[in-house]
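Trainee: Just dropping this structure here.
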Amino acid sequence: MKTFVSALMVLMLAAASQSARADEVAERGRYLSVAADCVACHTSPKQGKPYAGGYAIASPLGEIWASNITPSKSHGIGLYSEDDFAKAVREGVRKDGAHLYPAMPYTSYAKLTDEDIHALYTYFMKDVAPVDEEAHATELPFPFSIRQSMAVWNLLFLDKETFKPDAGKSAQWNRGAYLVEGLAHCSSCHSPRGLMMQEVGGKAFAGGSLGDWYAPNITSHPVSGVGGWSDAELAQYLKTGRVAGKAQAGGGMAEAVSNSLSKLQDEDIAAIVAYLRTVPAVADPDATRAAFAWGDAAAAPGEQPVRGTGAALASGGVLYSGLCASCHGSRGEGSRDGYYPSLVHNTTVGMTRPQNLIATIIGGVDRDVQGEHALMPHFSKGSFVQDLSDADIAAVATYVRTQFGPGDQVTEAQVALTRAGGEKPLLAKIARLWLPMLIVAVLALVGVVLLARRAWKKRKDRRAAA
């Protein structure tokens with residue numbers, strides 16, 4: 001009897017120990033999912049159920065809808081084995097064999113270790129609540145609707161090698177490299193794209209277009225990148241989304257800070273900063289000074305002197321006075337407590353391209369970090385303040401850039417382009433021509449056939465006459 005009781009206790013202790021280990025692995029997977037920012041895309045903002053999908057990712061080729069990645073067996077990944085899960089995360093291939101689009105950053109996740117894949121799988125299967133709801137299907141225009149074409153893209157551009165630590169670097173640097181290059185997938189946004197929408201080699205982290213927003217250069221270059229930021233400033237920006245005298249996060253970066261970066265351990269933030277310090281500098285030939293270095297509140301003329309100047313600048317000054325100055329100050333100095341940011345020494349204002357300034361005016365800012373909510377109203381359709389036209393936004397943006405930034409004029413065409421989702425890549429422009437090109441090709445083929453038949457008929461008639 002004693003032997004039986006002892007054996008039973010051993011089994012119970014072993015089961016408890018195994019359960020505790022599973023809980024520990026799942027918790028680690030939860031943290032990894034935060035670092036990978038899975039929730040940002042796979043949860044519909046405001047009212048969506050966690051990881052149930054239904055969020056439209058605006059890509060240059062069309063809207064890509066995030067899928068349901070809850071353990072639902074009918075609409076999610078509940079029937080995925082760990083190998084199925086790994087293949088989807090690292091290679092962009094679903095259990096049914098269909099290919100994912102690289103809006104899902106599997107080219108970065110390919111670097112994840114087996115241990116981390118296991119932890120993520122454990123978390124999603126064990127701790128995420130299943131949602132038996134179908135997410136909106138992605139319907140890109142032809143030819144991008146042919147998912148199988150991604151198999152060729154993967155052969156050309158997917159590096160399947162997992163992360164290998166550099167023995168010549170510190171543990172902190174290696175951790176930062178793993179986060180930046182893998183989990184946090186920073187290059188997915190901050191690197192330029194080539195003809196086939198692949199990341200351009202040799203220009204990693206040199207900045208990339210995200211449609212209406214632009215992800216800036218985060219290389220170590222002191223003027224074009226973040227080389228002019230201190231370690232403390234970079235860490236503060238990643239944790240809070242704002243640094244006085246440098247920048248405030250908006251758009252996709254605000255989402256990344258809110259959902260992911262602000263929740264990382266301080267040690268991981270420090271590791272990211274340490275790695276970014278070593279990213280090879282890439283210069284922007286148009287940048288004559290750091291984006292945050294423009295402007296002087298003391299030298300700004302304020303509102304009154306603007307009246308009576310050039311029409312565009314004057315109208316922009318009037319709009320600024322009525323819609324912006326109450327928060328940002330008549331001289332762009334911002335509020336004393338820093339809640340309303342200064343427009344002087346502001347990266348968004350001072351960038352070589354006005355894209356992010358325009359996008360901020362059109363879309364506003366809604367950033368919630370650890371209970372601190374930063375809100376700037378948008379000035380487009382449905383605004384509770386005022387719906388500004390392209391001409392209005394161009395005027396006020398020109399005023400802001402002139403008074404507090406590099407001084408160039410913002411055009412209505414630039415505003416219209418940003419409002420429409422930004423410059424389309426060459427691949428998308430070429431794809432639009434597929435139908436006209438097909439029609440021309442068919443007509444040409446028909447013409448060749450008709451000419452051949454006519455020539456054959458003439459030869460036949462000559463033979464008959466002979």
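From the backbone N, Cα and C atoms, a Cβ is placed for every residue, glycine too.
The signal peptide annotation in TrEMBL covers 1-22. Residues or ranges marked as domain 'Cytochrome c' by TrEMBL: 24-128, 171-280, 311-404. Among the features that TrEMBL reports, heme c 1 binding site is placed at Cys38, Cys41, His42. The heme c 2 binding site feature in TrEMBL is assigned to Cys186, Cys189, His190. According to TrEMBL, the feature heme c 3 binding site maps to Cys324, Cys327, His328. The transmembrane segment annotation in TrEMBL covers 433-452.
How buried are the listed features, and what sits near them?
Mentor: According to DSSP, the domain 'Cytochrome c' (24-128) comprises 44 helix, 12 strand, 49 coil.
The C-beta environment of Cys41 (heme c 1 binding site), restricted to residues of the same chain at least 6 apart in sequence and closer than 8 Å, consists of Tyr55, Ile57, Ala66, Ala103, Met104.
When secondary structure is read from DSSP and collapsed to three states, Cys189 (heme c 2 binding site) falls in the helix class.
Predicted-model confidence for the domain 'Cytochrome c' (311-404) is 91, expressed as mean pLDDT.
Following the DSSP three-state reduction, the secondary structure of Cys324 (heme c 3 binding site) is coil.
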Trainee: Which residues, same chain and not among Cys186, Cys189, His190, have a CB within 8 angstroms of the centroid of the CB atoms at the recorded heme c 2 site?
Mentor: His185, Ser187, Ser188, Ser191, Phe205, Gly208, Ala215, Ile218
Trainee: Could you check which of the binding-site residues Cys38, His42, Cys324, Cys327, His328 is the closest Cα neighbour of Cys189 (heme c 2 binding site)?
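Mentor: That would be Cys38, the closest of Cys38, His42, Cys324, Cys327, His328 to Cys189 (heme c 2 binding site).
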Trainee: Which binding-site residues from the set Cys38, His42, Cys327, His328 come within 10 angstroms of Cys186 (heme c 2 binding site), judged by C-alpha positions?
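Mentor: Close binding-site residues: none.
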Trainee: What's the number of neighbouring CB atoms sitting within 10 A of the CB on Cys324 (heme c 3 binding site)?
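Mentor: For Cys324 (heme c 3 binding site), the 10 Å Cβ neighbour count is 21.
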Trainee: For His328 (heme c 3 binding site), identify the closest of the binding-site residues Cys38, His42, His190, judging by Cα separation.
Mentor: His190
Trainee: Among all the protein chains here, how many other CB atoms are within 10 A of the CB of His190 (heme c 2 binding site)?
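Mentor: I count 24 other Cβ atoms within 10 Å of it.
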Trainee: Relative to the Cα of His190 (heme c 2 binding site), which of the binding-site residues Cys38, His42, Cys324, Cys327 has the closest Cα?
Mentor: Cys38
